[in-house]
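Listed in Swiss-Prot for this protein:
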{"type": "ACT_SITE", "residues": "Cys131", "note": "active site, nucleophile"}
{"type": "BINDING", "residues": "Ser22, Lys46, Gly47, Asn100, Asn128, Lys166, Val192, Gly218, Gly244, Gly245, Gly266, Thr267", "note": "FMN binding site"}
{"type": "BINDING", "residues": "Lys46, Asn70, Ser71, Val72, Gly73, Leu74, Asn128, Asn193, Thr194", "note": "substrate binding site"}
Amino acid sequence: MTPQLATTICGIALKNPVLAASGTFAYGVEFEKLVDLNALGGFVVKGLSREPIEGNPPPRVFESEAGMINSVGLQNIGVRAFVAEKLPALAGLRTAVFANVFGYCTEDYVEVVRVLNDHAGLAGYELNVSCPNTAHGGIYFSNDPVLLAEVVTAAKRVATRPLIVKLSPNVSAIEPLARVAEESGADALSLVNTVISLAIDARTRRPRIGAGFGGLSGPAIKPIALRFVYQAARAVRIPVIGLGGIATGEDAAEFLIAGASAVEVGTATFWDPRAPLRIAEELGKFLEREGIRKATDLVGTLKF
């Protein structure tokens, strides 16, 4: 019997639990000639801000030993250009499309969500809280429970679609922050974002990234991500979406076992744009080999 991959997140039906992550899948439409977008479990468009952002100086990407470091600087066309130029092409898709939202103050997040509310074609929002709050001395929303509660509460108040809060691994403990996000209105969590890192060129004695520090992603962070997903899933009652170094169907299975209800694939799409589809197929084969009828039967089954 063919295993069932279908699942739901916040009442949103997904064909399978494998989504393309924000930041590596552009606005989705750019991949339509390479990937059957309707076959995806879903995808998250790259982060959207109140106004266009040009991003950081080059070099922006460095390939590390087991992943990559990037500091693109959240370059994007801005939310208004997105709804005018990109969203119309997404509105007819038969898969779940999520908009990643970020800002540098609470009002930024609220305004982006308000603009998106007025347009069809989206299943929900993913709030990237791994950004510095410029009104509070650059403290990251994701690292401060008070700021996290403020931005999630404000976004939830205006959102007309489910709200997923994307948490950072650059914290000492994830459970308190996961609970704050849930108590402030999050409908689901996604984690982890990238790990703040530094790569150095020994010959020039300069960083290999133009902005200095960057975010590490890929296989190197998978064990870190699994730990955080497991801890967050045990701390909250809302669904958790896992990401961080997923490149195979068995990787995806590990995240489900840790407690994730779905997963997102990011860095792997750089060398294989069809990675989310391949991973979903491999997950199905893994379930079949293991005699598991449904992907949902794996969720939260880790044994100690």
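Start at 1 and count along the chain as shown; that gives each residue its number.
Heads up, the Cβ atoms here are built off N, Cα and C, so glycines get one too.
Of all Cα pairs drawn from Lys46, Asn70, Ser71, Val72, Gly73, Leu74, Asn128, Asn193, Thr194, which the record names as binding substrate, the longest spans 16 Å. In this structure, of the binding-site residues Gly47, Gly73, Gly244, Gly266, the smallest number of CB atoms within 10 A of the CB marks Gly73. Figure note: comparing Cβ neighbours within 10 Å for the recorded positions Cys131, Val192, the maximum is reached by Val192.
Long-range neighbours of Ser71 (substrate binding site) (same chain, six or more residues apart, CB within less than 8 Å of its CB): Asn56, Arg60, Ile209, Gly210, Ala211, Gly212, Phe213, Gly214, Gly215. Note: the substrate site is recorded as Lys46, Asn70, Ser71, Val72, Gly73, Leu74, Asn128, Asn193, Thr194; in the same chain, Gly23, Gly47, Gly215 also have Cβ atoms within 8 Å of that site's Cβ centroid.
When secondary structure is read from DSSP and collapsed to three states, Thr194 (substrate binding site) falls in the coil class. Thr194 (substrate binding site) sits 10 Å from Gly266 (FMN binding site), taking the C-alpha atoms as the reference points. There are 26 other CB atoms within 10 A of the CB of Ser22 (FMN binding site), with all protein chains counted. Nearest to Gly266 (FMN binding site) in space, judged by Cα atoms and limited to the recorded positions Lys46, Gly73, Cys131, is Lys46. Ranked by Cα separation from Cys131 (active site, nucleophile), the binding-site residues Ser22, Lys46, Gly47 are led by Gly47. Comparing Ser22 (FMN binding site) with Lys46 (substrate binding site), their Cα atoms are 5 Å apart once rounded.
Of the recorded residues, Gly244 (FMN binding site) and Gly73 (substrate binding site) place their C-alpha atoms 19 Å from one another.
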